[in-house]
Amino acid sequence: MFGAFVSHRLWSDSGCTTTCIANSIANYVAFGEQIEFPFKSAQVFIAGPRKAVINIQEEDKAELSKMIAKHNLWVVAHGTYLDVPWSSRSAFVTHFIHQELLICKEVGIKGLVLHLGAVEPELIVEGLKKIKPVEEVVIYLETPHNKHHAYKYSTIEQIKELFLRIRNSRLKHIGLCIDTAHIWSSGVNISGYNDAGQWLRSLENIHSVIPPSHIMFHLNDAATECGSGIDRHASLFEGMIWKSYSHKIKHSGLYCFVEYITRHQCPAILERNLGSSMQLQTALTTEFHTLKSLLK
């Protein structure tokens with residue numbers, strides 16, 4: 001279920017004021033049809049991203065709900081960068097996250113992505129316990145990017161430890177968002193097919209702890225070296241993870257990720273936020289044509 005991040009700044013019609021997210025999704029769907037890659041998923045912001053402010057209006061909610069149903073889209077919202085329930089401001093933050101979850105349910109958005117912190121699993125679990133759950137909406141914990149912290153959640157061992165604690169705490173509706181650029185930045189080599197395969201086989205070995213029905217992906221190349229700790233996305237086969245495989249794409253680690261995503265029907269989002277809509281659509285056209293060749 002491949003798709004992309006839909007920024008209303010880059011996707012909505014000029015002059016749009018009240019239904020910009022729904023309008024962006026309409027243009028995004030039309031673009032997918034134009035490049036002959038019908039999108040199955042999308043990611044949006046309904047709040048923030050840098051402030052704790054809901055930015056979807058009532059009229060937009062109604063139109064977005066219709067758009068999601070009409071095109072049978074799997075849509076996830078990305079939480080704001082302040083959505084850190086294990087922080088010192090957790091009382092305000094957890095209330096705000098609950099508001100985001102309620103909006104997600106109202107319009108048919110399947111989940112909310114939160115950035116994992118580089119903190120101990122027990123602190124993350126305690127933070128999650130403070131969030132009032134909303135039925136049918138999954139909180140996806142996104143693998144972070146860091147270099148020096150003990151808890152990077154880029155290794156299968158640490159992911160397993162965290163989700164065992166989540167399961168033992170009887171928390172429901174908690175999933176995992178694997179960002180390929182982040183785990184690379186945290187020191188996991190997923191460049192070649194065998195390298196990525198080893199990591200993904202280890203992930204399959206803990207499906208009893210975190211099932212694929214609760215796993216999604218941010219499918220990004222990276223503009224920095226493995227283990228840099230820096231989060232800088234690049235287009236597929238244009239960054240330092242997979243560029244060396246651009247002429248032998250089925251030997252790349254990306255192909256192994258595509259196989260896993262297809263085998264388990266996981267949503268996968270390309271996160272691109274370039275300077276103009278033309279630049280963005282040009283880059284995405286190339287990337288989705290490449291994905292189409294990997295799916296053959």
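Using the three backbone atoms N, Cα and C, a Cβ is placed for every residue, glycine included.
Neighbour count (other Cβ atoms within 10 Å of the Cβ, all protein chains): 15 for E271 (Zn(2+) 1 binding site). Sequence annotations record features per position, and here Swiss-Prot assigns Zn(2+) 1 binding site to H78, E271.
Here Swiss-Prot flags H115, E142, H218 as Zn(2+) 2 binding site. Annotation note: H218 (Zn(2+) 2 binding site) sits in a strand segment as assigned by DSSP. Same-chain residues at least 6 positions away in sequence with a Cβ under 8 Å from that of H218 (Zn(2+) 2 binding site) are, in sequence order, E142, C177, I178, D179, T180, A181, H182, A268, I269, L270, E271.
Counted within 10 Å of its Cβ, the other Cβ atoms near H182 (Zn(2+) 3 binding site) come to 26, all protein chains included. The feature Zn(2+) 3 binding site is assigned by Swiss-Prot to H182, D231, H233.
The disulfide bond annotation in Swiss-Prot covers C16-C20. Following the DSSP three-state reduction, the secondary structure of C16 (disulfide bond) is coil. For C16 (disulfide bond), the same-chain residues that are 6 or more apart in sequence and have a Cβ closer than 8 Å to its Cβ are H8, N23.
Counting every protein chain shown, the number of other Cβ atoms lying within 10 Å of the Cβ of H78 (Zn(2+) 1 binding site) is 26.
Apart from H115, E142, H218, the residues listed for Zn(2+) 2, the same chain places the Cβ atoms of H78, V113, L114, L116, Y140, L141, T143, P144, C177, D179, H182 within 8 Å of the centroid of those Cβ atoms. When the C-alpha distances from H115 (Zn(2+) 2 binding site) to the recorded positions C20, H78, D231, H233 are tabulated, the minimum falls on H78.
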